[in-house]
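K.L.:
Have a look at this one before I ask anything.
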């Protein structure tokens with residue numbers, strides 16, 4: 001299969017494509033993109049399930065660590081205000097983990113933007129291909145209608161005017177037959193007319209899904225950013241209630257991070273299988289959805305010398321018919337106009353129609369060449385297999401950093417808030433001190449009672 005211009009499978013595609021795949025029975029599955037097959041679906045689900053396994057192991061590790069911390073902690077002597085050894089190390093490890101999580105959030109924003117750019121490039125390529133196909137249909141329809149109108153009006157009028165001269169009538173009828181033949185050949189060039197699959201509809205569906213995917217990731221990134229910032233604030237202010245609330249939120253974001261990691265990993269693996277050799281799948285799917293012949297689809301997907309233009313014969317016959325019409329009209333203009341001046345008007349109208357038809361024909365020749373649609377195909381692959389896949393890998397790195405940072409924070413936060421001084425420590429001030437909170441409270445109560 002020939003590669004589209006400017007597209008070559010990247011190193012990431014080759015690396016992910018080489019990873020082994022297995023179904024639920026752990027039997028090997030070929031790395032061929034086949035989403036309709038059950039074994040391949042199971043292989044991708046198994047990749048996503050690895051993230052679920054990681055989540056389970058993380059939760060077990062956190063639970064065991066916290067149980068050990070709660071049950072095996074040596075009792076502190078009553079009234080002791082000496083911080084336990086290693087307390088500062090625990091707090092700083094939590095801070096470093098949260099800062100690493102913030103770094104992962106930055107990577108996540110970049111990956112989300114890259115993925116969105118790749119999908120936007122895919123949508124733009126589909127829209128340009130839809131414009132090309134619509135232009136072909138419009139030009140064919142306009143040209144056929146012009147030729148049909150010329151046959152019904154100008155050529156009929158010309159035959160009536162030239163009726164006294166049999167040989168001139170025969171020439172006009174020859175031009176009629178050539179116009180009808182050209183219209184018939186041109187009508188077969190609108191190969192996408194009536195096809196149920198619309199690139200415009202596909203582009204709209206892709207953009208619709210991408211908008212919600214982008215928004216979901218932005219909300220996830222902002223949620224984790226808020227959790228990290230408020231946790232750091234709680235540690236700085238030594239606010240126990242804020243740290244406890246953020247611990248619960250960290251657990252929620254940890255679950256979301258592992259879930260997004262599984263989705264990203266399965267998508268990246270499946271996308272690498274598609275991008276390693278996209279032509280067979282695109283060819284089969286498009287043929288199934290459109291019903292077009294494999295010759296037409298192969299011509300536009302491959303666009304090389306090994307595949308001939310399936311419209312070449314129709315184009316040649318149409319060009320020959322238009323040339324014959326042109327020569328016959330020139331002959332009629334030389335011989336008929338001096339004898340039948342009233343024939344000049346329909347002849348001029350026919351020449352104008354022929355000039356417009358030839359202009360449309362040359363546009364059709366350029367549009368029907370494989371270069372334009374094949375270029376759109378290559379742009380779509382570059383957007384999907386380069387930018388979008390790279391963005392997915394950055395999102396995968398974000399999820400990994402996020403899961404590690406939050407797991408570390410969940411282990412450190414309970415130990416950190418256990419080191420916070422109790423609220424009673426703030427009451428160990430002189431009772432006669434006017435700035436003592438308790439004394440101020442009693443003073444306000446005394447004033448209200450007066």
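Positions of Cβ are set from backbone N, Cα and C atoms, glycine also.
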K.L.:
Is it true that Swiss-Prot lists residue 211 and residue 287 in the same topological domain, i.e. on one side of the membrane?
P.N.:
yes
K.L.:
Under Swiss-Prot, the annotation transmembrane segment belongs to which of these stretches: 370-390, 391-411?
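P.N.:
Based on what Swiss-Prot states, transmembrane segment spans 391-411.
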K.L.:
If we count other C-beta atoms within 10 Å, could you say which of the glycosylation sites 130, 284 has the fewest?
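P.N.:
Among the glycosylation sites 130, 284, the lowest count of other Cβ atoms within 10 Å belongs to 284.
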K.L.:
Using C-alpha atoms, which one of the recorded positions 205, 275, 385 comes nearest to residue 165 (site 'Essential for the formation of the channel-pore')?
P.N.:
205
K.L.:
Of the residues in the topological domain 'Extracellular' (262-390), how many are helix, strand and coil by DSSP?
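P.N.:
Summed over the topological domain 'Extracellular' (262-390), the classes give 114 helix, 0 strand, 15 coil.
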K.L.:
Summarise the topological domain 'Cytoplasmic' (236-240) by DSSP state, stating how many residues are helix, strand and coil.
P.N.:
3 helix, 0 strand, 2 coil
K.L.:
If we skip the immediate neighbours and take only residues 6+ beyond the ends of the topological domain 'Extracellular' (1-43), which ones have a Cβ under 8 Å from one of its Cβ atoms?
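P.N.:
268-270, 272-281, 302-304, 306, 374-375, 377-379, 381-382, 385-386, 389-390, 393.
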K.L.:
Starting from the Cβ of residue 303 (disulfide bond), draw a 10 Å sphere and report how many other Cβ atoms land inside it.
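P.N.:
Summing over all protein chains shown, residue 303 (disulfide bond) has 21 other Cβ atoms within 10 Å.
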